[in-house]
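Please read the structure below before turning to the comments.
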Amino acid sequence: MVKVLAILYDGGEHAVQQPKLLGTTENSLGLKPYCEEQGWEYVVTSSKEGKDSEFQKHIKDADVLITTPFHPGYLTADLIKTAKNLKLCITAGVGSDHIDLNAANERKISVLEVTGSNVVSVAEHVVMSILLLVRNFVPAHEQIMAGDWNVAAIAKDAYDLEAKVIGTLGAGRIGYRVLQRLVPFEPKELLYYDYQSLPADAEKAVNARRVEDLKEFLGQLDVLTINCPLHETTRGIINKETLSYLKKGAWIVNTARGALCVAEDVAAALESGHIAGYAGDVWAQQPAPSDHPWRSMRGPHGNGNGMVAHYSGTTLDAQQRYAAGTKKILDNWRTGSAQTPSDIIVTDGEYATKAYGQREKK
Ligand code: NAD
């Protein structure tokens, strides 16, 4: 019998109040009837850390693993060794760095994700986060909730987005959608840094300029938005040194992956006032520990923190799309039909995408 294991977050009362929360253990991506029809075992759990977790117990004989980046089941090389039957990993969403892709390749386990399923959801969150940092929204709101009224205290750190230089590190589906959405704000310039160039017509449509040197790219920015996957060469790409390339007072929005930035270096840059703000929804470990520096960091005026839990790509609209996409991938696998090529991250021992680093084909 085929065994499908899904690691999802618990919804509790919220899953009851909102049945569209498909990504919860309670609503199980809506896949229970489908698995039952096939006579498959479908195990759904949020228990994912440590050797006594349901994840580590059930991965040993699961054929298919479904995970989401929001409550990631970290499939390490060691766990892959124990997963004797595993053939397919499906990421319900976008971003499969929580799976050791090199180890998956060694075992010829396929890893697929629902490409594009939440890219608009994230791009909208990026634009919101840029605005809330640049306009100093969070302290302004906190002040009102606290019963205070002090315009000067807020306005001294509030700017317009118009005429700023904004750059995306990674100009794929999300990065490009961010650029598109920023055009009406009339920035001074839109820049991007990516080893893959945008098609000329796409570049022209948003009037973006590619900068090939990271230092030169960062040095021109008022706002940096990070939109590349996490892999060997992007881990910690924003660190003490690269932060120093940014102009004093720059703002950073990272909705890509927490581990792209060195947490302590970002917190130090914000606290010293070198950067004016950092916002995003991704953390190197999720759920983030209660003492993570990004929960409490603030700039010298108590401003500049726009962090939230990982939810930008799990809006109710996105959940519908990634639940449907997960079912499609599962059904293609069951029937032996071809998978949508853009959904494939690794298969047959090789990377099928150019987004996870510049790699030579074997
Ligand atoms: P994509 O594959 O369409 O684009 C990624 C781009 O990053 C590619 O153009 C690639 O060439 C570029 N890139 C890779 N390595 C780079 C490097 N070293 N320097 C510069 N550019 C590099 O992916 P996407 O759909 O735009 O998603 C990007 C990432 O966003 C995902 O991998 C995931 O980590 C994250 N994401 C987060 C959420 C969320 O809810 N916060 C949701 C979806 C995706």
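Yeah, the Cβs are placed from backbone N, Cα and C, and that goes for glycine too.
TrEMBL entries are annotated by machine, without manual review.
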Request  = According to TrEMBL, Arg173, Ile174, Asp194, Pro229, Leu230, His231, Glu232, Thr233, Thr255, His310, Tyr311, Ser312, Gly313 bind NAD(+); so which of Asp148, Asp281, Asp291 is the extra one listed there?
outcome  = Asp281
Query = How big is the gap, in Å, between the Cα of Arg173 (NAD(+) binding site) and that of Arg257 (site 'Important for catalytic activity'), rounded to a whole number?
reply = 15
Inquiry  = Spatially, and counting Cα to Cα, which of the recorded positions is closest to Glu232 (NAD(+) binding site)? Options: Val94, Asn118, Arg257.
reply    = Arg257
Inquiry  = Measuring Cα to Cα, how many Å separate Asp194 (NAD(+) binding site) from Arg257 (site 'Important for catalytic activity')?
reply    = 16
Request  = Find, among the binding-site residues listed as Asn118, Thr255, Ser312, the one whose Cβ has the highest number of other Cβ atoms within 10 Å in the structure shown.
outcome  = Asn118
